[in-house]
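S.K.: The structure under discussion is supplied below as structure tokens; questions concerning it will follow.
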Amino acid sequence: MSESEVAGQRYRVGYALQGKKVESFIQPSLLDHAKQHSIDLVQIDPTAPLQQQGPFHCIIHKLHTQHWKNLLQQFSSKHPNTVIIDPPELVDRLHNRVSMLDAVTHLQFSLENATIGVPKQVVVNEPKSFDLHKFEEEQGLRFPVIAKPLAADGGAGSHELCLVFDEEGLHALSVPMVLQEFVNHGGVVFKIYVAGQRVNCVKRKSLGDITEEKLKVLRGSLPFSRVSSLGVEDEGGGAVEDAEMPPQSLVGELARGLREALGLNLFNVDVIRDGKEPTRYLVIDINYFPGYAKLPSYEPFITDFLLDIVRSKTA
């Protein structure tokens, strides 16, 4: 394709998102920036046939109903040149907190001054009768632990995380959970945003460190939203602004490795640095189609990604 053809080419990118996601992601600044760079972002009505709303060079989406998946499959079979970001069956892997981290354990890359892994964790289907001490002997998993609903599908309950300090707190839980070891990490989480080949890492405030003295008096469990009431968040000491960023080589390799292993383009990775071993990094969560608008200059970040996709398909 000649440069003159590329210069005159416009691309239609359809988006199918829930109302809140439209408000946060499809901001006027993104629409304008994309439009200035030959991309027209078009809202898709998921209740109407896609055939009547096209043509599309690319479709981005974050809807999980079976009806939507069927619509997408039917449209894709008739329009194989339309790029679907991303295939629903691959996105589904991130809806389970065990399968989402499986990909990390199979990554094949070596870093000179750092290691990457996942925290120890176990699935608990019946929290009321679970005995963590057995797993303490076998796997070294001990209190405190972070309890996360097994389902990470974006539903109301999937974000209800809590810190569990003992058996009493564990038995008070109800839904199937993943218990993940709590690792002191200086109160900072590194969020690696991925959009295809585009990668951006930012640091954010996280749960603070918990001292051995504090552990002696903590009982039961506490939702993340109330952890600050314990004074725990200030135990770690290091402020977010003072935290050193992970090596760029780690950020780039982790993004590339997960993009290939998951087969996905739009996701972010939550990474912490072990407070006891500063070269040990742990992936604690992977989210599909995260809040990109929180990134500085997210408009060119997303627009450049979309251009990468549509131009590679039409080249």
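From the backbone N, Cα and C atoms, a Cβ is placed for every residue, glycine too.
Note that the structure is a prediction, hence the values are computed from the model and not measured.
For reference, Swiss-Prot lists these features for the protein:
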- Lys20, Lys62, Gly154, His159, Lys191, Tyr193, Asn268, Asn287, Gly291, Lys294: 1D-myo-inositol 6-phosphate binding site (BINDING)
- Arg97, Lys148, His159, Gln180, Val183, Ser206, Ile284, Asp285, Asn287: ATP binding site (BINDING)
- Asp270, Asp285: Mg(2+) 1 binding site (BINDING)
- Asp285, Asn287: Mg(2+) 2 binding site (BINDING)
- 108-314: domain 'ATP-grasp' (DOMAIN)
- 214-240: region 'Catalytic specificity elements (CSE)' (REGION)
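What's the neighbourhood like for each of these?
M.R.: Secondary structure from DSSP puts Gly291 (1D-myo-inositol 6-phosphate binding site) in coil. There are 14 other Cβ atoms within 10 Å of the Cβ belonging to Gly291 (1D-myo-inositol 6-phosphate binding site).
Around the Cβ of Asp285 (Mg(2+) 1 binding site), 20 further Cβ atoms fall within 10 Å across all displayed protein chains.
Under a cutoff of 8 A between CB atoms, and with a sequence separation of 6+ in the same chain, the neighbours of Asp270 (Mg(2+) 1 binding site) are Val189, Phe190, Lys191, Val283, Ile284, Asp285, Ile286, Asn287. Asp270 (Mg(2+) 1 binding site) falls within a strand when secondary structure is assigned with DSSP.
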S.K.: Using a 10 Å radius around each Cβ and counting other Cβ atoms from all shown chains, which of the binding-site residues Val183, Ile284 yields the largest count?
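M.R.: Per the Cβ count, the most surrounded site is Ile284.
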S.K.: Ranking the binding-site residues Asn268, Asn287 by other Cβ atoms within 10 Å, which is at the bottom?
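M.R.: It is Asn287 that, of the binding-site residues Asn268, Asn287, has the fewest other Cβ atoms within 10 Å.
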S.K.: For Arg97 (ATP binding site), what residues in its own chain, 6 or more apart in sequence, show a Cβ-Cβ distance under 8 Å?
M.R.: Lys148, Pro149, Leu150, Ala151, Ala152, Val178, Asp285
S.K.: Tell me, if you would, which residue among Lys20, Lys191 (binding-site residues) has the fewest other CB atoms within 10 Å in the structure shown?
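M.R.: It is Lys20 that, of the binding-site residues Lys20, Lys191, has the fewest other Cβ atoms within 10 Å.
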S.K.: Would you kindly give the Cα-Cα distance separating Val183 (ATP binding site) and Lys20 (1D-myo-inositol 6-phosphate binding site), rounded to the nearest Å?
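M.R.: Each residue's Cα considered, Lys20 (1D-myo-inositol 6-phosphate binding site) and Val183 (ATP binding site) end up 33 Å apart.
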